[in-house]
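**Student:** TrEMBL feature annotations, pasted as is:
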- 22-100: domain 'TF-B3' (DOMAIN)
- 107-156: region 'Disordered' (REGION)
- 137-148: compositional bias 'Acidic residues' (COMPBIAS)
- 159-254: domain 'TF-B3' (DOMAIN)
Amino acid sequence: MDYFRLPSFMKKISIEHCLTELRIPPEFVALHAAQLPFDCRLVMPSGQSWQVRLLNIASGCHFHTGWSEFRLANNIIHDDVLTFTMVDAGIFHVKRYNPRTGCPRLSNLQEDEYGGSDHSDAPDVNTSDDYVPSDTEGGDSSEEDDYAPDPGVLDDGCPTFTVTMDRSNISRSLEIPMAFWRRHIRMNSLQYPVYFNVNGDSWFIVIDHSDTNIWVKRGWRRFKEANNIVVGTRCHFKLIDRNEVQFYVWFDRE
């Protein structure tokens, strides 16, 4: 299923009730209790994540231990509106909105996404930042024959492409099939960053493109080192959000 159909809920923050814990709507719990482990993870658009523990008491199911740290770290204040989208068991993508404008608070995007985090878009040294693939190196990835859906992946409505890492991927960068992008994502999204999500952690990835190729310009070195990607690793990229361009990534290792 597409990202917008994943289980989600919304909460308007009240300091009176949400200072030390956040109650999950009982209707959400009733439908998805089997996917709510003791330890959950809250992931902000910057890619930073916080572990929170669930507490089941008479009043309901709550984000408890770790919630205060999450609230303070993200400067969540009274009347903020948060949306929680469950992308995997216990893993929630959280978005924060200003109730007066209905838009995300710009401070979150500007300070977190462009800050000094290990998951930020700071240039990678001596890796993909200056890399530009040649047509002879990777071929013309605009041809439809260069992309076919991965037959080994469950068809849940989210398109997936797979890359088996070679020496060029490890020493230089990753290319995203142009045919995949044209088929599933708006072309004007090429000017924006994308996100790679792995088990609750997210990486802010800057891409670049030519008429025939799309490649990772910044963020690849950190991503491959953090996830121990080596020659022969088979990486699956599942598109879970076509609008903000987010991929859920998992690995098969030899």
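Placement of Cβ uses the backbone N, Cα and C atoms for every residue, glycine included.
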**Student:** DSSP helix, strand and coil counts for the domain 'TF-B3' (159-254)?
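**Tutor:** Within the domain 'TF-B3' (159-254) the tally stands at 24 helix, 41 strand, 31 coil.
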**Student:** On average, what pLDDT score does this prediction assign to the domain 'TF-B3' (159-254)?
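**Tutor:** Within the domain 'TF-B3' (159-254), the model's average pLDDT equals 90.
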